[in-house]
Amino acid sequence: MARYGMVIDLRTCVGCQACSAACATENQTPYWSDKWRTRVLDIEKGEYPNTGRHFVPTICMHCEEPACLTICPSQATFRDENGSILVNYDTCLGCKACMAACPYGARYVYDKNDVAKNREIHGELSQHNVVHIDKCTFCFDRVERGLEPACVATCPAHTRIFGDLDDPNSEVAKLVASGIAKPLRPDLNTKPKVFYIY
Amino acid sequence: MNPRKVEEVKKKQGSSSREVEWVPTICNFCSTVCNLKVGVKEVNGKKIAVKIEGNEKSPLNRGKACARGQAGFRQTYDKARLTTPLIRVPGSKRGEWNFKPATWEEAYSYIMQKMQEHQVMPWEITMMGGWTSCVFYMPLALGFAIANGIPNIVAAPMQQCVASGHLGTDMVTGNFNVHDEVLADFENARYIIFSMTNSGVAAASTSRLVRLAEAKKRGAKIVVLDPRLSELAAKADEWLPIKPGTDSAFFLAMIHVILRRGLFEREYVVKHTNMPFLMVEHQGMFVPLMEQNEQGYPKAFFVYDEISGEIRKIPGYFNHNYTDVDGRGIRPVLTLPEGITFNGQKVKTVFELLIEQSAPYTPEWASEETGIPAETIERIAVEFGTIRPAMMDPGWHGARYENVINTRRLQAMLQALVGGIDTVGGWVMSAEYREKILLAMEKMKAGEEGPVLYLPGIQFPLKASGILFDPNSWYHGHPHYAIAKVMQDKAEGKETIVFPAFSDYGLKEAVEGKLMFNGEPYRIKAIILNASNPIRHYYPERRWQEILTNPNLALVVAIDVLPSDTTLYADVILPNLNYIERDEPFIYGAGPSPDLAYTTRFKAVDGPEQAKGTTDILFEFAIGFGNLEKFMATVAALAGFDLEDIKQEVGKALEGKQTFTRAMRNVSFKHYAKMLKTTPEKLEQEMREKGVILVETKEHLMEHGTLLKHLPVPTMSGRLEFYSYLMAGFVQMYGYQKNWDPGLVYIPPETKDVKLAANEFHFIYGKVPTVSYASTNSNNPLLMALSKVKGGKFLGVWVNRKKGKSLNLKDGDVVVLENAQNPEYSAKAVVFLTEMVRPDTVFISSSFGTKNPLLENAAGMGIPLNNLVPYKVEPFVTGFKSQEFTVRIIK
Amino acid sequence: MAVENSLHFERQEAYEWPLAVYLLLGGIGGAFISLSFILHYLFSWSPVGNYGMLIGMGLFALAGLVLIFLDLERPLNAIYSLNNIKTSGISWDVVLIALSFGGAFFYVLPFYVSIPALEGLRLFFGGISAIAGFLFPVISGGLISAPVSVPLWHTPLLPVLFLINSFGVSVSAVPAIFGPGSEILAFIFNLAVFMANLVSLGGFIAFYEHAHNGPVEARYGFHEMWKKFNFQIGFLVVGLLFPLLLSGYMLFTGNFLSWGFGALALAQLIGGFALRNCLLKHGYHTYPWPY
């Protein structure tokens, strides 16, 4: 039992999209349809020469008060023992209410074409064989094997830090406790477990 | 949901890396050469690669991998993969994809038949290699050329990158070798300045990125000079959108300020650089005061010692200036007392010369050149000079402007001024380089010469190109065609090139039959391309189309993995195994890693049945040419391998018991096992387990092998050279040109005085993190998906928003970019309006523009850079002046 | 109105036109059922009690089919839709449809077969059906408005607008289909339509206020919606102003045009679809990122 969370340090992200590549490969997500569990926004702000270019990795926040979970009619969206929000592919209706309800744009439809294309690419090794709403799983399968989530493990800029928020000695817990890592839009009352340093 | 149900649901959802077998490899998607591991699963008895991750044991990339590195295995499954030898269908033209599948025997006999038919002599062949030849097959590629009497090698990274950029830094530090790029110690630096680079760090060289990120976390201040807001500039505390091509003016002004304000690391400069060395007046010029041996190497220099108040002689090749030739302790001065003369001649120190030379380069002057306020330049110079450790990033890609070699050299000088060569928070040199210097010192003491490939720093390219350049080193008396071209230029009284190392200079003329040597035409009749794609990554595309379609060219052979744009022009295409499908023939150092480590590749999956490794192809060619014995002997001599071992292993290969790759690998493992005091079997096992074997850490190495502190660098003097003796030598041999001025000089970009019309812009290009420079990895489906996410930012032309609006341009407009000086060079482009670029400059990415329709994900995406760039090279090393023009936007 | 950052906002893509159809049909279905029950119960208006209920059931059935086959990615998994009755608005919707439909079924059944056992429970079934029918547009509006993720929708005005529109259509459709019954009923129907549209106008003005002064994402969506022909003509003119003016005219002149109720029903139906569809189309997600 843990309470997994992530800290994303925007000071170091260069927008290389290694995380998106790692996730897409680890989880066979439909990159061919421009759908990603994690992406990196590349935001231009201000006027030349006072222009800012900001890279913001996005991912499911695994909220403690997840809007997607309350709205799901079939309990296909559920919370596991570590507080991560997952989707049961088998009972998902594909009603997309969770997509509408998520304030962080973390979900998409793994649709019929995507399932077929994934099958074409991965054959027997295909991880997605039915249509469902897809989202980040905090790579529970890797975490159970003692590894970090794929996006974290590969991030060359050490932008992503993963750990147990309940373990006061973890880097994430320390960063959150210090106040330097903050949740985004706490006013939405979803209590995200992904925190940003910016 | 109840826990049991949760368990059940989770069990159904796996991930690619679950239950994989990890096979170590080295990344081939850019020359950062990260250590990776390939995750392999077995399906119906066939191994399939499903994931690539960084190797945690790597001192380079520290377990991380960028998007390209991770997407690499998809190349194996690319639909366009070359799977069998192909021979051009008779009657079809080069440039058309019209081939018929063939066996290897047919392909080889076709090649040999063409060679005989057209009586192709060895010097009429040109080998062309990409960076992989350089990094992974140097002994074989060089050995193959030498053994077969082929003096002509074109090495792809030289004119675009290594020669045209690194040479500048290396003139100060003496490096310039395979992996002379410095993996700087960003994480311990507190102030870092970057110029003309994005690829080198943020876009993305993982080994540098991991270190820079650490620096950011530790609060280092970062300054980036770039006309556009690149990925790297986005991370800067201060982004200075400098006028394109004027970075050297910025650095000259920094040197001006730092020298005058005394903000340099005085003891370091006095002790380890040639700043205190005396110059003597000679025919109105100041030249180095030194004694030379017969070969022109310095035997002794002179300094003024403040302890004794005398001029003292110091050793010609040494790591410091604190003892004279008699072993007496001295303290040289930078500024001479009044009235000091040497044998009645006027003298001054290099330092004093630099003070004089830098006088005009004030911040105000630089402000005019660069468009950056003088106060800013002055402030940055002061910050750089006072904050320690400060770092001037060495940069990576070169070319672009005639002045880039000089710019990189000024950067190295600034780094030397703050005492940051081979120090914590500075440019820590690679362990391989350090090892080579240690070996060279041993050999020097023993009075012998080591194997060519173990020559440290600039000694290697001087030696290697010396072989190619010298007619006397070839039985047929033909040097590299570039040298023939240089000789012809000289005879015709034309300006020419000083050091066209591994260059394409004169190739076109040779193919066209216009190159004369010793009164006879010097022809090139055959080109063998190994993992090289000149149609895309040489300038301009048209030149290569003309070369490759010239009927004088009897044969074009392309060895490749994917049908690059260049393979369209081949007569024979030989399918290559890619990097995850082959065991490499050698053991390698871990690139520019400061820790001493060894690594190699292991085959992770089977490639196409008919594809072969480069080693095997080269051996089979050598056999075909009848030069196997010579080939083996040359490789042994170059790399220091035991010839008997090679013969024995190759013998087994000839009997069909193993591949030639395996044969060389066995030799290599035996060689290294001896060195590391283990058995080849144990070594192989350990390598397979770990991927990288760490032999000695950087800290440990530096205790006894820190450059300058303990060891001289491979410059002429062994010290860091603010006044370059090598360049002074060029002045002697070829006459003075700014390009090889041994001191301080400013070379303005040619575009400086262009009066820009309303729709005219300066032109810059750069790299993106998802695709390597002009490579076929843009066809990788995942990488192309990641590139498309960025839209016009990656695939379009950046135009300043306000400026664009004044020209009635909208986002997504399709326009023509036309070279304003050479309007025959133009390309279609999609407009990306942005606040991230100077109003007088447009930017495109150099990563795209692939045309071969077989590469279905990449074809037609982005802008082909080399459709805009004419053939213009600078006179030092034929570096491409690939940004030295302006472009017009035509709606 | 000033809209910053507009380039970065992402349009929600979960709810498209099928959901608008579902909301419209379901809402009108519910309204039809409760209205029919009231008219039958209070005025003993048998044909309405019988056929009005059937029309409502038909609309519900159609709404359900639209949802299942046009909106759900996996129609067969609709069987799991009651799994989360605790918190999910969608589960509630399904329950409401089932209750209202089932109640109406048993309410209508005695028109065709005599089942003495049902007689005593008729009022109960009718009541259940009417209450559930009434609640459906409220809850389905609430389903859209509840999450914070789409600020334009995040207002209690949404269920109110949906509810009023649904009843406006029904109140116009009943006299149009069954005839106004009597002078007094005709007057009451007309008054109800007029009041409904008056409230709707008020509701819309309040909604305009919300969207205009609310979060920037809502402002952006509303701004975009405001510019659209569908919204201006479909909802504002046809769906709101026209019924208001027509019913007002009929009410204050006492001149009940023969085509009046039919026109009112059709106009509000069109307006109702335009409103729901435009709202869904211009739902932009919250912008949670710090830059």
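Placed from the backbone N, Cα and C atoms, the Cβ positions cover glycine too.
The transmembrane segment annotation in TrEMBL covers C:21-43 (among others).
If one looks beyond the transmembrane segment (C:49-70) by at least 6 residues along the same chain, the residues whose Cβ comes under 8 Å of a Cβ in the stretch are 18-19, 21-22, 25-26, 28-33, 35-37, 39-41, 78, 97, 100-101, 104-105, 107-108, 111, 129, 133, 174, 177-178. The transmembrane segment feature in TrEMBL is assigned to C:49-70 (among others).
Long-range Cβ contacts of the transmembrane segment (C:90-112) within its own chain (Cβ-Cβ under 8 Å, at least 6 residues beyond either end) map to 26, 29-30, 33, 37, 46, 49-50, 53-54, 56-57, 60-61, 63-64, 81-84, 118-119, 121-122, 125-130, 132-133, 135-136, 139-140, 143. Taken from TrEMBL, the feature transmembrane segment applies to C:90-112 (among others).
Long-range contacts of the transmembrane segment (C:124-145) within its own chain (CB-CB distance under 8 A, at least 6 residues past either end) are made by residues 15, 22-23, 26-27, 29-34, 37-38, 40-41, 53, 56, 89-90, 92-93, 95-97, 99-104, 106-107, 118, 153-163, 165-166, 279-280. What TrEMBL records for C:124-145 (among others) is transmembrane segment.
Remote same-chain residues near the transmembrane segment (C:157-178) are listed as 23, 27-28, 30-32, 35-36, 39, 45, 47-48, 51-52, 55, 134, 137-142, 144-145, 185-186, 189, 192-193, 196-197, 199-200, 203-204, 206-207, 210, 239, 243, 261-262, 264-265, 268-269, 271-272, 275-276, 279 (criterion: CB distance under 8 Å, separation of at least six residues from the stretch ends). What TrEMBL records for C:157-178 (among others) is transmembrane segment.
For C:184-208 (among others), the entry in TrEMBL reads transmembrane segment. Remote same-chain residues near the transmembrane segment (C:184-208) are listed as 43, 155, 157-158, 160-161, 164-165, 167-168, 171-172, 174-175, 222, 240, 243-244, 247-248, 250-251, 256, 260-261, 264, 268 (criterion: CB distance under 8 Å, separation of at least six residues from the stretch ends).
If you look up TrEMBL, you'll see C:229-250 (among others) marked as transmembrane segment.
TrEMBL lists C:256-275 (among others) with the feature transmembrane segment.
Outside the transmembrane segment (C:229-250), and at least 6 residues removed from its termini, the chain residues within Cβ reach (under 8 Å) are 165, 168, 172, 190, 193-194, 197-198, 200-201, 204, 256-257, 260, 263-264, 267-268, 270-275, 277-278.
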